[in-house]
Amino acid sequence: MDENGASHVCTWSRASGRSVRDVLRTYLGILVVLHLVLNTEASAASKSCDKSCFSGKCMNGTCVCDHGWVGDQCQHCQGRFKLTDLSGSLTDGPVNYKYKTKCTWLIEGFPNAALRLRFNHFATECSWDHMYVYDGDSIYAPLIAVFSGLVVPESRGNETVPEVVTTSGYALLHFFSDAAYNLTGFSIAYSINSCPNNCSGHGRCSTANSVAGRVYCECDEYWKGDACDIPYCRDNCGSPDHGYCDLTGEKLCVCNDSWQGPDCSLSVPSTEAFWVLPSVKPSAQSLGRASHRALVHSGLMWVVGGYSFNYSNYHMVLNYNLETSTWDVVPVSSGPLYRYGHSLALYQDDIYMFGGKLESGSANVTDEMWVFNIPRRTWSPRKPAPPPPYALEGHTAHVVELADGEPVMLVFFGYSPVYSYINKVQEYNIRKWLL
């Protein structure tokens, strides 16, 4: 190339170089500005919180809470939660729950699955702060449990951590606290279609021969119960000196003549009392209830009244056969209204029921006297002669014979809506219907 051509090329290259340097300077300047801006924002955003955030994120030195959580550390539940995992847990928070707390958890499984709730820790103000458990996805579903107070495991290795089971595949839990006092709250684990207490380490979870594909425990030898937590023969019944383990029939300890008790550990005679858990066949009729009354007549335990969460499947009178370990509903065409806190007393073939708190009607606490004849399975009212008795609940009654052989029913103490708690004993003459 000639000299002019070379000069032209050289001149173009120097001009191009100056242009590139200018662009780079501008670009670098922009990068520096962006870096300063971003670094400033990041520094502000990364400003640490004074305390850790339990259920939220720290932003600019403040805890921003997740949905359903409140507090300076997002440490208190206060809202609604939906849980859809097959297993998990729920809690009110890591510290004492708040005053005036309302928290609701909806656990969604799948229809007709067994959903287990295990109350590993529970401590609330008794009778004021409550946890309600519904077998379904709303408060219109059956209420199956209400917890308030303390859950404290017992000694001797007994399994006392309560486990609540819903069969709809869903569970709604609602916690409410008042404005006065608070405790450490609760920690509840849940699982869908799992075995109770994981079979307590004494069996395996199986779906063989189960209803609707649900799992159940196949227990190891010497263990029984839904959770394989009941030993057939504790300490092998003290064999061979105290007794032996019979693995046929009821599968329990058979004690030698000088020993007694479920594990043949108590001598005969003994000043110690002991409990025995019979093999009671499950029954839909034996609906859970409280403040009911029971008495035994001719091999049958009669259960009358009581408080229940759901009265759709409620029966006023049940009996339990002590020999066959079975429940039976006693159909009664007419009779007293549902009640609890009443009293029962037995005289010959008649059960005398007095007072109690009614589940319906304008008068909460009643002074009614009803007699249930066991052979005929019928109720009939009794109207004592004046003066009228005190209307009571929470009292007791006993039939005794006076010196002249006259049978009377003595009603001890109780709560009156007019006079509060009373210390009086009322006497009812059975033959004369007199008070």
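Glycine too: its Cβ is placed from the backbone N, Cα and C atoms.
Nobody curates TrEMBL annotations by hand; they come from automatic prediction.
Small disclaimer: the values here were computed from a predicted structure and weren't measured.
Non-local neighbourhood of C205 (disulfide bond): S194, C195, N198, C199, V215, Y216, C217, E218, each in the same chain, at least six residues away, with C-beta under 8 Å from its C-beta. As annotated by TrEMBL, disulfide bond applies to C195-C205 (among others).
If you look up TrEMBL, you'll see C219-C228 (among others) marked as disulfide bond. C228 (disulfide bond): 23 other CB atoms within 10 A of its CB, across all protein chains.
Among the features that TrEMBL reports, domain 'CUB' is placed at 77-193. For the domain 'CUB' (77-193), the model's pLDDT averages out at 91.
Across the range of the domain 'EGF-like' (191-229), the DSSP-based residue counts are 9 helix, 12 strand, 18 coil. What TrEMBL records for 191-229 is domain 'EGF-like'.
Look at TrEMBL and you will find 1-44 tagged as signal peptide.
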Cβ contacts of C219 (disulfide bond) (under 8 Å, same chain, 6 or more positions away): C199, H202, G203, G225, C228
Long-range neighbours of the domain 'EGF-like' (191-229), counting only residues six or more past its ends (CB under 8 A): 86-87, 109-110, 112-116, 118, 159, 163, 165, 169, 245, 247, 251
C195 (disulfide bond): tally of other CB atoms within 10 A of its CB: 22
